[in-house]
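Structure record follows, encoded as structure tokens.
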Amino acid sequence: MATPRAQKFNPIAFTPGPVTLITTIVYLALLIPILVISLVVPPAPETSPEGVNLTEAWRDLQHLTGGFHPYNSRRNDDVHQWLLRRIDSILRPTVEAGERPSANNDIPDVFVFDDNQSNLTYSNGGVGKAAIVGVYFEGTNIIVYIRGTEDDPENWWERSNGKPKGKGGVLVNAHYDSVSTGYGATDNGMGVVSLLQLLKYFTTPGNKPRKGLVLLFNNGEEDYLNGAHVFSQHPLSNFTHTFLNLEGAGAGGRAALFRTTDTEVTRFYQNAKHPFGSVLAADGFKMGLLRSQTDYVVFNGILGLRGLDLAFIAPRSRYHTDQDDARHTSVDSLWHMLSAAIGTTEGLVSYTGTDFDGKSQGLDKVNSGTGTLGVWFDMFGSAFAVFRLHTLFALSVTLLIVAPLVIFITAIVLSKTDRMYLFSMSKSLGGTDERVSLRGLRGLFRTPIILAVATVIPIGLAYLLEKVNPYIVHSSQFSVWSMMISVWIFLAWFLACAADFFRPSALHRAYSYTWIFIATWVMLVINTVYANQKGIAAGYFVFFYFSGSFLATWVSYLELFALPRKGDFARQAIMHSGRPPSSLRSRLLTPSADELPSDTGPHAEYPGDADETDPTESTSLLRGQRTTFANYRTGGTDGVVEGTDEGPSFKHEQSWSWTLPRWTWVLQLLLLAPIVLILVGQLALFLTTSMSQVGSDGVSTFIVYLACAVFTTLLFAPLFPFIHRFTYHIPTFLFLVFVGTLIYNLVAFPFSPANRLKMFFIQEVNLDDGSNTVSLSGIQPYLTDAINSIPSAAGQNITCDQSAFGKLEKCSWAGLPPRVLGQDHDRDTGIVSSDWMSYNITKTVGENKARIEISGRNTRACKLKFDKPVADFQVSGSAVDHRMPHTSGQGVAEIRLWSRTWDRTWVVDICWHDSHDKPEDDDGDDEKQDAPRNGLSGKVICLWSDSNQSDVIPALDELRLYTPNWVAISKSADGLVEASHGITIQ
């Protein structure tokens, strides 16, 4: 047997070696940076930029997070005073410089408002027909106004009903209160110290703003956005037209832009040094998938401002816990937020256009104009793309029409030139009944079947994890990703190789891209409809996905022009088969003796074959002809000529395919894979990172696993057209990875000290019977494990009920008595009602009206709860605002009372309907039916939220001391301790 002729090595040929190497390099070169961006925060500069002092900012953060400082705590007052001192220390050099004879005109006027006057009664709104919650709040906001060069030079706010002249200013907001169980480093200490540095920056000579800048240090955000609501009563709330809200919904990492009002204001975020975020999060709020709100909804929804929400989003396991402290964050995270705030704010205050000074968006809202819906996302944390949703819609509609048309026209041209091998089973010779098999249908349905299987299996694994170990993603997100990716690639490779072994096809790539083109076309249609009808922009990546798939598919069609015409191939195949066409069978196909060379033996050398190797058993018997179409045989009686597919084509693929370009696959890979990995990869990590730990809040984790499965298919579908060319090494390794990660994900404990499970604490004291109940809410069976570790719960009857929050259960037991009344009143002699609160009820004779006076000891938060909603209420001395109605037709079931002073007495006037005037829902609620027919029953409750001193809430101290190290304790409600007294009004 002769030795085959040596072939030159082609580093980009469509053969196993180059395909495996190049695709692996491309995917790793893009996925690794995306992972790094998701996990690593850009380093802070070694030297602070001019006008900023990072060392000072970090010291401020450490001081601010030295204790819990919720609104209802003494330390909150300390933080308030400390902020005033820090603001004064920042401004003092500026004031001294301005008083000198040679004062620099670059130093702006600065006004500080310690707002201890604003208050407001409003409601949080009801859901459906449910009764609403009324709120009375007294604010302690600190407002700093830096006058801009284009601002009204007069102090217009000092005039009665004074209004500013000129263009609107810019508001930057951060709340300085924390939750009662968290130190508030990222929620929202970093926002607060960023405000202090913004004050320092814009009062530095050379940085004077063109537009006025308002820095709002608001208090009371954690208790239903109270501070932002009461800011609406300050004159400066009518001055600002745009805003930047600094928040923390996680506890470190990068600060993400996760919500904006419009395209125009979003463009200013392009000034951020390290932009990070996607419109996906904004649409999550719009569709109701994300329900946790920030001050953004007040500034935009009520005041009509246009702006941005910038917040930390991960890790959620530290959010609202004692690990939200300076120890568990970094200067790098602080700089990431601060640099973004400086860049965005500088752009907003320097803007000279009129986009934000048009007609108001609604009644009694500021004249901030109307923006357009936008699409925005970062790329590698270094660049930021932003454009109008309408632009995306127009481009999508255009591409939906043009792309199929281009493919269709190309297919027609291929057909006209007789090179359309796709969808071709055979080729007939004109004037004969002979047909040559082209095998052009091979691989037609391979792609949808294999991709369906490769997708269904990860979805099945998502169901399996949800049933067996649903919270493993809480601590092992990347183990889940590894499992999904490895099984997808292995299955796709194995099935594609099996199909290629039994039915090899040179059209595998073309068919694969055609199916991907069809699938993404359908996806783009759906996305375009949602963008047009509902303003949803989260599917922006589909446009780019479809664009890449269109170009890659077009390349597959264009490379068919390199093939021989089907008629030429068929004629040569007929001739090489040794069987003449039926119209020529009367003629001998073999040449005459004169035409034969002298040497006609088996080793004869044909003209033009001097460079060929020695003949073998498979060498063609026809001289002077290419061996491409060798060894064809007559297919029996059906008249179809078939071949053994031997020759220059790859392995046993169709013989006509040998002229296909060997390098175009690289072009196709680069047209589709990078854009998919950059956009879809970042979205996938953004989504799973922000949602991987929502299970502790009672949310089903299946949506996270399902997202991993779907995103895996989206990420690796561009690999499928080449995957049958992979060598076995990587898929085999990935199969082992799959086995290992599957076992780990099914049996590993889902929580750890670094990724703790949050449980929610509240202690309720019934002043009527003296009972004291500690409740802990969490997910089972871990909740029971935590309670079993508590000494005071040992031997008690633990009662557990379904919580109102998703999958959480609430378990209760008799707890250690709290000592929240202050040193002069705490005692161990039992619970005495008068020590905790005092109240008085005066009913108006002959009317369904009453006045309730309530005061709590050592607290500034109480509330009233009613068994049936009251029609209206009024708090003595309170302001009201028709933009925020405090009641509605469905009534008010609860009234929350907040005071800036301690031990304050609230005076609340209420009125209610008779039972026959305002029928209750027919839900059989026994508690409601127990209320007097024309009277009212309910509870007066006071709250305590300060746990900075040990032994004040021993039950909470006990939980922190004895629960496993994988448990984090967070607050369940506004108060850590709630004491209640039943009331009845006849």
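Placement of Cβ uses the backbone N, Cα and C atoms for every residue, glycine included.
Features reported for this protein in Swiss-Prot:
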| type | residues | note |
| --- | --- | --- |
| CARBOHYD | Asn53 | N-linked glycosylation site |
| CARBOHYD | Asn116 | N-linked glycosylation site |
| CARBOHYD | Asn119 | N-linked glycosylation site |
| BINDING | His175, Asp187, Glu247 | Zn(2+) 1 binding site |
| BINDING | Asp187, Glu222, His320 | Zn(2+) 2 binding site |
| ACT_SITE | Glu221 | active site, proton acceptor |
| CARBOHYD | Asn238 | N-linked glycosylation site |
| SITE | Tyr319 | site 'Transition state stabilizer' |
| CARBOHYD | Asn797 | N-linked glycosylation site |
| CARBOHYD | Asn840 | N-linked glycosylation site |
| CARBOHYD | Asn948 | N-linked glycosylation site |
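Of all the recorded positions listed (Asp187, Glu221, Glu222, Glu247), Glu222 has the fewest other CB atoms within 10 A of its CB. Among the recorded positions Asn53, Asn116, Asp187, Asn238, Glu247, the ones whose Cα sits within 10 Å of the Cα of Tyr319 (site 'Transition state stabilizer') are Asp187. Annotated Zn(2+) 2 site Asp187, Glu222, His320; additional same-chain residues within 8 Å of its Cβ mean position, judged by their own Cβ, are Ser178, Val179, Gly182, Gly184, Asn188, Gly248, Tyr319, Asp324. Taking Cα separation as the measure, Asn797 (N-linked glycosylation site) is nearest to Glu222 of the recorded positions His175, Asp187, Glu221, Glu222.
In the three-state DSSP scheme, Asn119 (N-linked glycosylation site) falls into the strand class.
For Asn53 (N-linked glycosylation site), the count of additional Cβ atoms within 10 Å of its Cβ stands at 16 [all protein chains shown]. Within the same chain, residues at least six positions away from Asn840 (N-linked glycosylation site) with a Cβ under 8 Å of its Cβ are Ile852, Glu853.
In sequence order, Asn188, Gly191, Val192, Phe217, Asn218, Asn219, Gly220, Glu221, Glu222, Gly227, Ala228, Asp295 constitute the residues six or more apart from His175 (Zn(2+) 1 binding site) in its chain with CB-CB distances below 8 Å. Within 8 Å of the centroid defined by the CB atoms of His175, Asp187, Glu247, the record's Zn(2+) 1 site, lie the Cβ atoms of Ala174, Gly184, Thr186, Asn188, Gly191, Glu221, Glu222, Leu246, Gly248, Ala249, Thr294, Ala311, excluding the listed residues themselves. Here the candidates are the recorded positions Asn53, Asp187, Asn238, Glu247, Asn948, and by Cα distance the one nearest Asn119 (N-linked glycosylation site) turns out to be Asn238.
Put simply, Asn116 (N-linked glycosylation site) is 27 Å from His320 (Zn(2+) 2 binding site) when counted between their Cα atoms.
Of the recorded residues, Asn116 (N-linked glycosylation site) and Asp187 (Zn(2+) 1 binding site) place their C-alpha atoms 23 Å from one another.
For the glycosylation sites shown (Asn116, Asn238, Asn797, Asn948), fewest C-beta neighbours within 10 angstroms: Asn797.
Of all the recorded positions listed here (Asn119, Tyr319, His320), the one with the fewest other CB atoms within 10 A of its own CB is Asn119. Across the fold, the C-alpha of Asp187 (Zn(2+) 1 binding site) and the C-alpha of Asn53 (N-linked glycosylation site) stand 21 Å from each other. A distance of 22 Å separates the Cα atom of Asn238 (N-linked glycosylation site) from that of Glu247 (Zn(2+) 1 binding site).
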